[in-house]
């Protein structure tokens, strides 16, 4: 779901949203990002991040839970509208609290450090690893499905190929920012080719009169009984495909004229993505019945086999290219959130450090890779999607609620973008419906997600809130940080300037002290 923007040198590799702040505070030695993202690039960031593996995976999950073709299409349209409303709410927050870290920063500033930490905790442990696992498993499915035309690929094979994909791209991202961006550019073409092929073939099918499942009488003929809880799960499946719409808020500091371009990019991009998604799903049902779609583990491959004949190999290759690039994009952008969290003292400083020569966030990438490999223990993509969808929507709702709280607490605060409170209220009503019925339908999956999130509470109080830690603990952390720096050959970008202030800045300084003393020349080379 995440195709990141082109980055610039060392600053991007470090997750450099912090760059502008550090540059302003220090004037030297910090990581400075320029305002170079215009309207076209902003639209590209949103569209590129949203359109990933979701449109090739979620149609089956949406159809299965919606219980009819007509309701499934309504789910795709409504999810697009709700996504646009959420993006508008985030646009106001993004220019009111112009900080890096997106919703993590908003939640932390409005509701306090614990709430912000829980957002970061669940993103680090669940959202990024699960998202990357789903995309990697989708890649495996589309690569292996042609080799197993009469049955599903073996689960162990799916996991192994997904792991190989993940390890290869982690190595690419650790090696060079330039390599990672080139991989992203090349494989984005596969994504666009696959969707263009699907939509064009769907239009041809409709022109031939193949629209039986689009006629109202047939479209709303359920193949199983409608269930409100299942419909909520259908929305969760659809929301996974729209994931990434809030990524522009992570680069607000780099936008040219953000007060104008942020809302414009949203108005252009979200309707465009909704159009593509709805017409891709319409195309699917012009060639397949709902039963055929549900029986397929690789919807686009089955679609291509029915309509492309001997050229059907184009579809799995195109989707595989798209999803391969999706894994790369997710790995590439995840360091931004890690950097913001480490700057605030909510994550170990090691996770925000970059390689002294390659300027790549090796510790963050290795951590993400390992956590994603653990997620690959299950190859059930639809459970993973429900899992991450519930947690994502939980914090989307908390963030939008924060917009209303901020209006009440600080009514006179300068807001370059100010939307009607009707929109966050509509979003929260939909949010409440989704979470309540998701809990009802999948209590174990949702409950497990809540439990993992709550494990962050003792971690916060022990690791962040508790200031007077024993000297032996501080010494242990400093030694582990030093070993991590030595092993990965990394340092904190811009030294301690702008990395934090007060006690947090001092902690970072202490953790880097061993390397600064022993490797002065190495430390200097970090200021890329």
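Including glycine, each Cβ sits where the backbone N, Cα and C put it.
Remember, it's a predicted structure, so these values are computed and weren't measured experimentally.
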Stated TrEMBL location of transmembrane segment, expressed as one of 226-245, 246-265:
226-245
Range among 13-33, 160-180 that TrEMBL annotates as transmembrane segment
160-180
Of the residue ranges 447-466, 467-486, the one that TrEMBL records as transmembrane segment:
447-466
CB contact flag for the transmembrane segment (447-466) and the transmembrane segment (307-327), at least three pairs under 8 A
no
For the transmembrane segment (160-180) against the transmembrane segment (226-245), do we get 3 or more Cβ-Cβ pairs below 8 Å once near-sequence pairs (under 6 apart) are dropped?
no
Selected stretch (most C-beta pairs under 8 A with the transmembrane segment (226-245)) from 37-57, 116-140, 307-327, 390-408:
37-57
Within this structure, do the transmembrane segment (420-441) and the transmembrane segment (266-287) have 3 or more Cβ pairs under 8 angstroms, counting pairs 6 or more apart in sequence?
no
